[in-house]
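> Dropping a structure here in structure tokens format, bear with me for questions.
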Amino acid sequence: MKRKKVLFVCLGNICRSPLAEAIFKHKIKGTVLEQRVEADSCGTSNYHIGSSPDHRTIANAEKNGVAISHAGRQLCNADFSDYDYILAMDNSNHQNILRVEGSKGYEAKVQLMRNFDPHGKGHEVPDPYYGGEAGFQEVFDILDRSMGVFIEELKKDLA
């Protein structure tokens, strides 16, 4: 049985996308999806290749009971054929993803993460990098509720 693959994408791959990946893995842990779905995250930029998530992202994830561990990487051409879902955190990420040469023919795989948010369909996941703790908690809350809906859609796709 072919595994599904999900890729979460933000700008630098140190705040939003690694948190989305961690929340996703936390939510599917111990379920049948854990064996059927693989997840990763990356950035559209090369600013933080090899870096751990931002210390505030790690602190926020831990505060919310979610383990997070990741080494930053940049989106590459192979990701478009390798992943079934490519979820962008904001419109700028979405546009930058579609500018990558390898995206041609795979545009339908690329969606905004908040398309799965029952409280903000089509909106962006704000970048908390220049803000304080409240911004990181807001991002966690948005990703947490969006992930629940995304996982339900994923289950339908796997049925």
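Using N, Cα and C of the backbone, Cβ positions are placed for all residues, glycine too.
In case it helps, TrEMBL gives these features for our protein:
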- Cys10: active site, nucleophile (ACT_SITE)
- Arg16: active site (ACT_SITE)
- Asp127: active site, proton donor (ACT_SITE)
- 4-153: domain 'Phosphotyrosine protein phosphatase I' (DOMAIN)
> What is the separation, in Å, between the Cα atoms of the residue listed as 'active site, proton donor' and Arg16 (active site)?
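For the residue listed as 'active site, proton donor' versus Arg16 (active site), the Cα atoms are 7 Å apart.
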> 10 Å Cβ neighbour count around the residue listed as 'active site'?
34
> Do me a favour and check the Cα-Cα span between Arg16 (active site) and the residue listed as 'active site, nucleophile'; whole Å is fine.
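Answer for this pair: 6 Å between alpha carbons.
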> My understanding is the cutoff is Cβ-Cβ under 8 Å with a sequence separation of 6 or more in the same chain; which residues meet that for Cys10 (active site, nucleophile)?
Arg16, Ser17, Ala20, Ser41, Gly43, Thr44, Ala88, Met89, Asp90, Asn93, Val125, Asp127
> According to DSSP, which kind of secondary structure is Arg16 (active site) found in, if we only use helix, strand and coil?
helix
> Determine how many residues of the domain 'Phosphotyrosine protein phosphatase I' (4-153) DSSP places in helix, in strand and in coil.
71 helix, 22 strand, 57 coil
> Average the per-residue pLDDT over the domain 'Phosphotyrosine protein phosphatase I' (4-153) and send me the rounded value.
97
> Please report the number of other Cβ atoms within 10 Å of the Cβ of Asp127 (active site, proton donor).
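The answer is 18 other Cβ atoms.
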